[in-house]
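Q: Please find one structure pasted underneath; my questions will follow.
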Amino acid sequence: MSRIVNVKLSLKRYEYEKPFHITGSVSSESRNVEVEIVLESGVKGYGEASPSFRVNGERVEALLAIENAVREMITGIDVRNYARIFEITDRLFGFPSLKAAVQFATLDALSQELGTQVCYLLGGKRDEIETDKTVGIDTVENRVKEAKKIFEEGFRVIKIKVGENLKEDIEAVEEIAKVTRGAKYIVDANMGYTQKEAVEFARAVYQKGIDIAVYEQPVRREDIEGLKFVRFHSPFPVAADESARTKFDVMRLVKEEAVDYVNIKLMKSGISDALAIVEIAESSGLKLMIGCMGESSLGINQSVHFALGTGAFEFHDLDSHLMLKEEVFRGKFIQDGPRMRVKDQ
């Protein structure tokens, strides 16, 4: 009764509450692919892919075009053999977000068959996590207003997007710190700086007495030497995001001693590689945060359960659904301000 009898993909569009601006990109909507896995028992498991051309080279149209191929890959397999399904979907090399969605939908269906939740299948290490909330690139004045609003909403970790104007970025962080005292800051350049600019930014902020908890992806993804340079010349811990898409990327980063943190995103790695990265981190002393692309509440649900289950993360950047207009909340978790916890069955 636990065998897969059908797999369906469908396009979903979500409008942002306001345009979301990061280095080199402004988004007004998120176009995602919803995955539905149907079992012979009638149980349905759900996942969501939020493809990024900028990070993964994925297009929504390409994901939808391989619906039949994905269906053929896993139809007839019992979801209790989820490791087998993971192994098969690892072959979706060019479609990491779809791989993540199919793998989670498999676990979602299995958890329903077993009368439990995905976070418990993954270990059940934590009952609650706390997310940050993001300030996109804007004028200094607007960034400060947004950060103050986020702080007043109860968020104590604030993510600040930078990378397009060094002088304004330094000023924005300084002014944000004045109105959000007691908050922790994750600063994300999204590959926007050169090595020299990245170090200049970090030192300027440090000299103003501002502490940054995580300095994320300051340089280009392929510039591993640059990440290492910034790490050893910056007063703040450096994280890889775009440079860390697969477990093999992370192994190289560890070998090169290039970063202090890696930002796991299921949309980059799928569940299978994400689990491997957790093991690599635990073995090497690498610290972890977990992030997102443009997922709705259905997609963020995947990362929330992964984080609750593994308990592997120091920081949680799971706020994309808070920026989108959704008619119905579809996460199997309770959102209480920044806190996210398991929803009772």
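Every residue gets a Cβ built from N, Cα and C, even glycine.
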Q: Among Glu153, Glu164, Glu168, Glu216, which is the one Swiss-Prot gives for the Mg(2+) site where Asp188, Asp241 also bind?
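A: Within the candidate list, Swiss-Prot flags Glu216.
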Q: Using Lys161 (active site, proton acceptor) as the reference point, find which of the binding-site residues Thr134, Asp188, Cys292, Asp317 has the shortest Cα-to-Cα distance to it.
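A: Checked the binding-site residues Thr134, Asp188, Cys292, Asp317; minimum Cα distance to Lys161 (active site, proton acceptor) goes to Asp188.
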Q: Roughly how many Å separate the Cα of Asp241 (Mg(2+) binding site) from that of Thr134 (substrate binding site), to the nearest whole number?
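A: Answer for this pair: 16 Å between alpha carbons.
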Q: Could you measure the widest C-alpha to C-alpha distance across Thr134, Lys159, Asn190, Cys292, Asp317, Asp319, the residues recorded as binding substrate, and give it to a whole number of angstrom?
A: 17
Q: Enumerate same-chain residues with a sequence separation of six or more from Asp319 (substrate binding site) and a Cβ-Cβ distance below 8 A; give 'none' if the list is empty.
A: Thr131, Asp132, Lys133, Thr134, Lys159, Cys292
Q: Under DSSP, is Asp317 (substrate binding site) helix, strand or coil?
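A: The residue in question, Asp317 (substrate binding site), is coil (DSSP, three-state).
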Q: At the level of the C-alpha atoms, what whole-angstrom distance separates Lys265 (active site, proton acceptor) and Asn190 (substrate binding site)?
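A: Lys265 (active site, proton acceptor) and Asn190 (substrate binding site) have their Cα atoms 14 Å apart.
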